[in-house]
């Protein structure tokens, strides 16, 4: 911002300098600066008046004013340029303000008092106005005061820099004791210097509106005004001043527009000194507005725009400003439906039969909206049969609709629209004229006083009607209720709001102003209440086409004149100020009634297509055959053009009043496409038509068109132009022989400069100016905004930035984009990150799960069972990043607690780009909100690593996570493609019997890669996802080679491999003849002979690969497109957040309902026959509980724009659901951040938070009074509340769903019922079928890329042919997809991966996204400083006044901070709060934490019968001490093969209870799974009785890093990794419960090598107890509650069998026996023999390298100080006798029990063989020196000639091993200590052999709480056969 020097000095009363703003103040000088405009004024030191200095092009300095001769009468104020001129002093010009005082005087003297500069823009109460946030607009409020009359004036200037616009208004406050009257008020007042000017105004009349009239501004007054009460047809409240030489493209122009619908006056007065005073405001004839003492008058707003690029630049500034910052409708940027209006086709001459016939013909033509115009209402005797009766009686006309309006509308909306891919139903619209009344009406007879009248004067009729006085509140309420009653009872999508006369006989001059206030209140109420309706304004055509109406309605009827030549002129004039998207135009019948003129339907169509709202106004029965045949072309043209008209830039190339060949042009928002409408009005032999010169193109870009061959540069088209070939005829449009619209596509042909490299600099350059202006505005405004909710970059700016980035990335290769998004991004200083490596054993277990899920046929489809396990040799096996807040980590460290909340988060990026670094700023927000830790896998990306590579990586990460956390502590989360990946993970885990997490968070999940849902066919105007899919510059990675190239190379070499895969062909072949059934199958990828679709009557075969994640034949696979799953039941509770404006909306809505009601939404029969032929999965699983949130207007994954207000509400909702899911799974309260205490969103009254917030939003945010809350309101009328605040419970699930529609202000409404959501009514057979709409867009973009990148494509083809000729490594039995990088190996080498760089551009983006978190953390510290301790639980006295209702058998706790703040006026009320009991509404202090509890929300779905889980799981009673911790929300199902089945030659180790060893291996097992350690001396295997089992010892920091569950190391401690330390594969210490009643109730178990005598000393009163366990009071770290809690049961603590996830556990900490269930895959076995055979035939896993080389499963805890416990126990020890639990096989299971190693049963009450002489250490032991007091870590022994191998070697071996077939591994290559690993196993129920032996209670050093044997038996029985006993502290051993 440039500086300046003040001309004068003045001591200011209140100076607020905001250097960050576009407004600056220095001394008495004020400067407002925009991109290409400056506005300057100053305070006169003598008079304290405001003087104008400059309004025009950019300037930085104040200059001395012009010298004017002071002599004569016109001295003083008449000779200066003033900002707010008053009346009665020495200024003889027209005033901006004229006030009549109580004593009749009119003199005023306003003097400067103070000013305030702010970012953003305040609203104007009750009036329409522009709006914007900090990054959009800055405002200065100048306060002035008349000390003589005690009247205050506030002037508001708001600068929109991007649009070179200033919005002005003023306020007058009466601080006196008498009423004053406002006689004149000009909202915009500025004095321009003595320059030559011309005025351009819009004149006209009915059917001839807004004709351009240009004339000079001469001496005196030049202006116009409206006295009709409305803006009117006669004048529009817009005008422009310009230089006489100004044209459309050059010269200065000033545009002025009043945001007002009433009477107005516009004036330019040139005075004797030459100064020109510009005034725009209220009409003085309709003013005299009284202002009582203490009241404030608010003027309408006026907008001024400056342009140095002629009238065209001025118009485009108005258009962009009004679309982005005036129109508030959610339809503003939406493609408008094509409609047919009944008026000119039928007028009043119709009945139900006639109108239904027209509606049916409308749908048959392919028109999607039918509008019933005038005549549908009125009751006898005032039925609306003509225009003389019925207005005001808004009930259906019985003569037209004897069955009622609703029945008629239902009939109409049942019609299917022809030529639509989804068979869309016809929409219905209705006409209203609510502000009018006929004297012949019931309303008028009952309320004649409601009609506008003046005393006893006669009431003048116009069109047989009177005006209702909408200034009266009762009239306003009548209109609102009348319209609402119709909308609430009928399926209406569109409203046309008409107004067919001006005002007469006003009661007073102020009536017009008050009428407008009342009308705006009505419009605000209805448009807010019904946001999904498309509202259109009308007033006998264009009588109220103004900016005031545009604020509420996104479009208005431009004129009643549909004659195309006249309309062309009208639309050109209207476009001076108003965007083309706001205009409506229809094709009428010919000859046209008003002009008797006949024009072709193409000419009429092209004129109408220029407008945002396009349609027909005729009777379809009267169309000629030629016209009917043209309609399909017209509709296709509309589909291509309308999105560009809605959001593109508009250029008037030639005007109809200046040339015979007018033309206009639109350029799309991305700049890639232009549309030209050109016309020839009258036939002319000579002269020739001038060339058509275009505007706004890129000079160096090449453009193609449908009207010429080849390409032309933008410079050629703009300077030379093209010559269109017109025939000699009247009224031609474009090239009439072709009857076509001119389309231009930007094409980088041969002359195009080379593309810039894809790096931070080039991306920044490409997205400039969006990046620069957005970032600078945000950065510079950070200071004043810290306490304001507008401290965020605007949503639209962020959306445009991402869209521009994706567009720029499409000009580069996939590898370039991958490398850019994978760059290193620094984490904020307050975020803690640690990288962890996923050990190979987890990858191998995950591979086994994927193989079993896919089955034999599935593996064949994907190309084999090993290629997808291969990784680059130079890369580590798999890494994942831990992310958490340092504050949370330090707090847990201080309190000695462990993390209990983990989110496994899978990032999105269409499966082929993105990274953890790029998404970290989003993940850290989730972590902060939930006080959780996030683990994010760095999974491999397509197309180099296609399906199932990424799925396999993510499953392995979860298996690693289960080593350290219980499932009920884990949440899954994912966005976009990551959400689809998460869903596929859940299905695999469910089907394979693995534990499922506590809940799932899906953010805009991509679940249908076939793009078969309707929303994908849209234009994506509200989204950043390219509507044509992702396309890139050709490279070796993408797209894959066409089949003809592969064949050509093979022919040349004459050595075609036998197993060669035919690659997709880039050509589109067309076949003539197919059967319908086969054609339907061909539409489903992978089901037919080929993937094909019918387009324009031809079958088009898709041979090119469409999606990068998977080949075409896999797109419908249920693991690729999860929406195709046979069932999504039986999964954890889900939150699914959907953006209403995103292309993927419909598939996400369908997904949510499918999960909650699996049987109601099955896939097609073809899919079921393929993947669930016996319908087992479809009927097997119970419904999943789903919270569905549809966020209005928002794009795909709005969380990406984390700095915007809607995203912050979404993050808050995610945290709320996550806390509930954890509370539901863990049966305890979950503390989360109290957003109200610290969030910027929550601070202050909502009315001041968002300029966008509507009055209805504010109304819904109040806490309703009892009277209000008991009112019966409609579903649409009453909001369900607002996005949840911390501590508020979720609403209950109804039919397993919480269905919410959320506004961008966080206000919640219920979703319409499923029956009203179109995508839920789709034929299941159509889901998964490719559709014409998306295919057309994809093909068009591919064709464009083929031309754009022709040279690049040739280079790639040559290189690929060369590689093919050289040959690739053969993968025996494997056929990877054509894009898989493993298929390009040659001699084991693959192309190098681009090096990972550092991206400061992404760091900047991450900084924007993280800024709110940083602010919030700062605020949190301040809040916590006011609270002495962290919020916890407190028990409420049942007798207290605020106690909640009691519950039997339980004590109630109330979380701190439940807050009564909601009761304050203006505070937000969440939807959950309104459902809470009254006691939660009081005494909720603003604590920094609140607690979320499960209050039984999921039980609300109990009315729907729960299906049995596959393993017979049964629901448990909540809160019972008998609960096993296994909940229906986390189902666990079937089992997998065991180690004993694979290694049947194993022998039992003497002295052990359940440990076995295969003679050929050194890794023992327990019959279920291999132990994570090896024999210490592998060579000494012959004598098993002397074998010693030991885990690998730790060294360095790693020896203490694992002392607790998973705390990350402190920054100063070197992280234990395989690179710097040898770590054991150990699991964390576990905890047992302490029954002493402490809050945490659990104590840490430490295993000591003490003798049995020493162990007994811990329990002196229990001689029978033998255990190597000692308990320490030092580590009270477990927060787990209620594990087998039974305080009264204290049995004899004999060390016996205990329970875990795997059933009974022996003394060695391992399960006793394999506990088998059924095998669950897609290919289910039909008998137990088949299952046994399957188990016995499972191939062993590939060999592992020696233990020394395996990377450790490294917990990431920080060492706790002191001597670490030398031993750890894997599972908790439940000290109670179980007396010989034996395995009872399930009836449907297969038991593999080799008799050679049946476990021995212990004797009751005493030591057994195992406990007395176990020859091995426990599950996670470390080697200990005899000197146990030493804290020095032990280092593993190595022989003299042996050194540990490097990590790189290990990684290479793992990579190579992944390519080895799993079926026949070579035994010679197996190392002696090979690990045998298995997937997760679920036990069946053990059965006790004898009753428990009670033991008297006695004192112990550490009392343990344990269940009795009977309680244990009851728990196991409650699980049902095959269930798992999984207590709240069980670890999930894999």
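Each residue, glycine too, has its Cβ placed from N, Cα and C.
Caution: TrEMBL annotation is automatic and unverified by curators.
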1587-1606, 1607-1626, 1627-1646, 1647-1666 - the range that TrEMBL marks as region 'Disordered': 1587-1606
Which listed span TrEMBL calls region 'Disordered', if the choices are 872-924, 925-977, 978-1030, 1031-1083: 1031-1083
1196-1244, 1245-1293, 1294-1342 - the one TrEMBL records as region 'Disordered': 1245-1293
Within the domain 'Glycosyl hydrolase family 36 C-terminal' (661-734), residues counted as helix, strand or coil by DSSP: 7 helix, 27 strand, 40 coil
Secondary structure tally of the domain 'Alpha/beta hydrolase fold-3' (1100-1156) (DSSP, helix then strand then coil): 18 helix, 8 strand, 31 coil
Average model confidence [pLDDT] within the domain 'Glycosyl hydrolase family 36 N-terminal' (70-290): 96
DSSP helix/strand/coil residue counts for the domain 'Alpha/beta hydrolase fold-3' (903-1016): 50 helix, 20 strand, 44 coil
